[in-house]
Amino acid sequence: MSLLPGLTDSNQATDLFVDANEVHKLVLKEETEWKVEIPSSSKLTITIRSGIAEIFGTELANDVEYTFSNWKISLSAVENVILEWKCPDIPNKDLMIEPNTTSKYVYNLHFGLEKMRNSSFNGPRILVVGNANSGKTTLCRTLCSYAIKFKSYQPLFINLNPHEGIFSPPGCLTATPISDILDVQSQTWGQSMTSGATELHSKQPIVKNFGLENISENRSLYWDNMNQLSNAVNERLQNDVIVQRSGCILNTPSLSDLDEEFNELVTIIDRFKVNIVVVLAEQDEFTLFEKVKETLRPYIGDFLIRLPKLSGRFEADDAYKRSLQRTAIKEYFYGTPKTILSPYASGADFEEITVWKPINMVEAQGTTSTSNPLQLLPVTVDASTLQHALVAISYADRKSSSSEVQKASILGFGLITEVNEKKRKIRILLPVPGRLPNKAMILTSYRYLE
Amino acid sequence: MDKETEIIVKDFTSVLDELTFNSRPIITTLTKIAEENISCAQYFVDALESRIEKCMPSQKLYAFYALDSICKNAGSPYTIYFSRNLFSLYRKTYLLVDNVTRTKLINMFKTWMTPNETTGGSLPLFERGALERIEQFLIKASALHQKNFQSMLPTPTVPLLLREIDKLAGLTNERLRDQPNDQKLQTKLMVLSQLKQELQRGKLSLDALKQVQLQLTEVFAQDQQVLQERVRYQQFQQEQQLKQRERSTTTSSLEPTETPMPLGTNNSPSPLFNGSVSSLFGNVSRIVTPEDFAEMEKASKLTSIQTLFHSLNGAGLIFTPPKESIVTLFDKIDSTNKLNSKKAKNNNLPSISFLQDVVSNCKAYFATANVNILNTPTLQLSQQNIVNDNPVVTKSLIHLLYRNKPNKCSTCGKRFGNSIEERKLQTAHLDWHFRINKRIKGSSTTNAQTNAMTSQKNIQSRNWYLHDSQWVKFNDDEIVSTQNTFNENPKQTIADVDQQKYASGSNGSSTATNIQMSNFEDMLSLNKNDANNSTSETADLSKKYVIVPESTEDMTFQCPVCKDSVTSVYDEELGEWIWKNTVIINGKKFHSTCYYETIKNNSSL
Ligand SMILES: [Zn+2]
Ligand SMILES: [Zn+2]
């Protein structure tokens, strides 16, 4: 007794029963949204008990426990919602619950697009542009989710922003038909195809590897990737009636990453036959909007719409973006808690691998004669360059030339976990079991330390 | 602190900061640094203590693990330094973390109490005083927990207890009906009736009543468990029957007598489990509900019933019999009957949220009945139309995304409409979920004789992306078709890595792709022969080993698939040198997991 004087006093006693696993009940009014930033390495579980709630356009099932981690989400109440949530690291006070001020615009936009899908075999192709943190990805995700809800459309989502890994690791340009419901718990929107059973239907993306972090590091390479992607997309659309009718939804890099004249936007519009542009910009960014409008008017006429930045968006700092990128890499190899994947650690001798890398124009400034910016440079295999590196594995044979490799399709990604210079061996994590394919690899700027 | 120490301590803290998850490598690194730099011990201790104090509750356990590892490996002086604040750190942490972590903390504490090698094998890890205080604290904490639980039970009164005894007797009788020969149950019934008599005499003190109450709670919990197990078993039986029936419909020519009959009289779940449990003996959360809270809930339910009634009425969905109708007359005449029937009706009323759903679905149906997207000019895309409020969208079209399809999948939230076609889609969708879930959980088959379960887990990996030329021809219907699941359909498009010859660098060290299916079957039969407790396929694979032949000179070999070298280890139990996770196929040694994966992969290509 005497050892524990503090224990019997009432404050202490109640402390004991502040249960970290406590389930909190929350009522959200219609047209409000709950914005949650889940602390890193914590997890939030949400169960909708009644009403209709959605996250970035994807409706949650009722009485099903959803788990979220390493993410910032906006849970939007379409009707009055009663839910239960649990997260030991989020205090149950001052929750960020705000009116959803922009959902009405998104609905208007969606039904406008729906009308176009109803009236033509050639669906709308909509380009979403805006500055960083304006809610571009959120808008794209919501439009994709809505598009598949009433009829079984399969809109093609095209991600031209290499900072974000959607159905792929970061550093890629991708196109993915959204043929079924997205995984509401996943930052990467869901799984690309796996070899086994997944809770939801997986998606089949086409992936172009840009591999550098910023477009400015090699603009020519970025635009070449985009060209390759648009060729494949246009051919797919010709072959695939449903996707063609459903149309395309394109996500773009932040406007600040593009050229100041917006000529690059014109190129995208041209390559992907875009017919609607949505600019996410506030009233005070009016000059920006006007400038975009003037530049694009000759190409798309009046189909240029300005929406305010979405209320469900988050300010994403660099650290947060990096953590999303890490998650995307991790999920590519290991899946999610609900879809656990078994990647495969394989070994290879130095002599058995060929690694290329793109020219980084920013680093190379003045040092190399940059005659052909698309040219790939051979990489000497050593620990300092390859340890923990994410490498793209191309379809091109190992002995192929630089330009063949640069044009080749992408088979997937590997993660070099160990470079043993003494034994002249590497260990590489592969998504698919088996030996390292005898293919040329391309070094990316992304590193991942398990 | 001199320069060198400063660097080492900085190093230590920066590694420590990485300890945001349970990472063995990080903890090992920390332990190593601590072992190698005993001179900095005090600084390390300070750093670790402040980490435990300041980091997020969810991460405190890992810091404790680091402390534990350092003390167990490096021993003194760490054990001495940490003993000083150990109790207060431990106590603070314990109070802040969730129950799962508390259990882990307690388990860790238990290991401290056993004599430890670093302390010479005769003393506990830390100073006795510190450990004793923690022990006292833990005893109190759990006692307090117990007390808290007791205080949440309602004050026992004789009538309350009598009622609960009746319920318990009812339960026991029910079990007795199934197992009429069970002596224990009969004894229990007797004890219960004696207890009842004792209570009715009314001579028991409040304390004694409390004792009775606690005991009853315990007995009830046990009974509940037994019954739950039985229900689970019945469900399992029913599932099996269902499966058999499925099979019998496909094979069609089964005699009707072979169709298994439902088990026993207790086919429908006992009333105990449909939620209307007694106030005292329900699950714990029911017990703790304070009465005023129950009142509040009742009140809020009442208001929502009222609003619900009004909206139902407003939607013209409620039939009110006119004054002169037979219904009203009958009700007036037979007032007692009315009372009873009202009660019965109340019991069968569906939940409020269900009824609310019905109302909203009806509204959505009417709201979208007459809209036509094509004939709505305000949907024409333009700046004006998008930013202006559009009542057609907010009042009616919006329902097309939600309640116009009123049937929401309870697994994924996908919506389905009421048309025959939509109903068919929904059935196919639900079947698909069912099949997928079965595969995710691992197909389990039951051997009737041994009742042993064998299961195969859903082990999977990411696919390669398709080649551009494959992707442009791909059609997603192949994925979203609910007719088949992946792997059930052999025609599934997967990456054609065609030129993938696995050309091995040199002199045929790789035979991986030459291995034929027949070998695979060989291996599986081998697997059956030597593994007598086959539970999981892959677990078995990695458990396979090969005893190093005495004639072998080289104790290591290179796995032809992953190129790893495999070194033999001495197995104490066997008394032999073995290669773990190894199989010999056609005289060649492989990692058995590598071999299996390659085979599986090749056969699916
Ligand atoms: Zn579903
Ligand atoms: Zn191997």
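Cβ atoms are placed via backbone N, Cα and C, with glycine included.
TrEMBL labels come from automatic prediction, so no person has curated them.
Going by TrEMBL, these are the annotated features:
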| type | residues | note |
| --- | --- | --- |
| DOMAIN | A:28-119 | domain 'Clp1 N-terminal' |
| BINDING | A:GLU33, A:ASN133, A:SER134, A:GLY135, A:LYS136, A:THR137, A:THR138 | ATP binding site |
| DOMAIN | A:130-335 | domain 'Clp1 P-loop' |
| DOMAIN | A:341-450 | domain 'Clp1 C-terminal' |
Check the domain 'Clp1 P-loop' (A:130-335) for me and report the mean pLDDT. 94
Between A:ASN133, A:SER134, A:THR137, which of the binding-site residues has its C-beta surrounded by the fewest other C-beta atoms within 10 Å? A:ASN133
ATP binding residues A:GLU33, A:ASN133, A:SER134, A:GLY135, A:LYS136, A:THR137, A:THR138: largest Cα-Cα distance, in Å and rounded to whole number: 18
What is the number of other Cβ atoms found within 10 Å of the Cβ of A:GLY135 (ATP binding site)? 24
Using a Cβ cut-off under 8 Å and a sequence separation of 6 or more, which residues in the same chain sit near A:THR138 (ATP binding site)? A:PHE56, A:SER74, A:LEU310, A:GLY312, A:ARG313
If you draw a 10 Å sphere on the Cβ of A:GLU33 (ATP binding site), how many other Cβ atoms land inside? 24
Let's check the environment of A:LYS136 (ATP binding site): how many other CB atoms sit within 10 Å of its CB? 28
Is it possible to list how many residues within the domain 'Clp1 C-terminal' (A:341-450) are helical, extended or coil according to DSSP? 17 helix, 49 strand, 44 coil
Go ahead and report the DSSP secondary structure tallies for the domain 'Clp1 N-terminal' (A:28-119): helix first, then strand, then coil. 17 helix, 42 strand, 33 coil
